[in-house]
Amino acid sequence: MMKALVVVALLVTLISYSSSEGIDDLEADELLSLMANEQTRKECIPKHHECTSNKHGCCRGNFFKYKCQCTTVVTQDGEQTERCFCGTPPHHKAAELVVGFGKKIFG
């Protein structure tokens, strides 16, 4: 009977040790993932900033990702250049307005 208790205690100890290592590995993976996401957030282009060289790098807004919106600018020399900035498209603004209005009504 005593040998059985010792074996069971040993098995419980081994299982808890191996599961704690697995949890530590999961926590480390989760931490690395969060750090990568934070790095991505730092590298994204904020609203109203220029995105001419990186048209897919705009940050996320409250509900949607900002879109790179481009316009043609004519310089004083008469040259046409394309300038882009991160902004909220009109249909996204309308959706945000409706959601905000709905939140005020329904709380």
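For all residues, glycine too, the Cβ spot is worked out from N, Cα and C.
These figures come from a predicted structure and were not determined experimentally.
As annotated by Swiss-Prot, signal peptide applies to 1-20, with the evidence given as sequence analysis.
Annotation source Swiss-Prot lists disulfide bond at Cys44-Cys59 (among others), citing similarity to another entry. Sequence-distant neighbours of Cys44 (disulfide bond): residues of the same chain at least 6 apart with a C-beta under 8 Å from its C-beta are Gly57, Cys58, Cys59, Arg60.
Just so you know, the Cβ of Cys68 (disulfide bond) picks up 17 other Cβ atoms within 10 Å once every protein chain is counted. Annotation source Swiss-Prot lists disulfide bond at Cys51-Cys68 (among others).
Counting Cβ atoms from all protein chains shown, Cys58 (disulfide bond) has 23 others lying within 10 Å of its own Cβ. The disulfide bond feature in Swiss-Prot is assigned to Cys58-Cys86 (among others); the stated evidence is similarity to another entry.
According to DSSP, Cys70 (disulfide bond) sits within a strand segment. Taken from Swiss-Prot, the feature disulfide bond covers Cys70-Cys84 (among others).
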Cβ neighbours within 10 Å, counted over all protein chains: which one of the disulfide-bonded residues Cys51, Cys84 has the most? Cys51
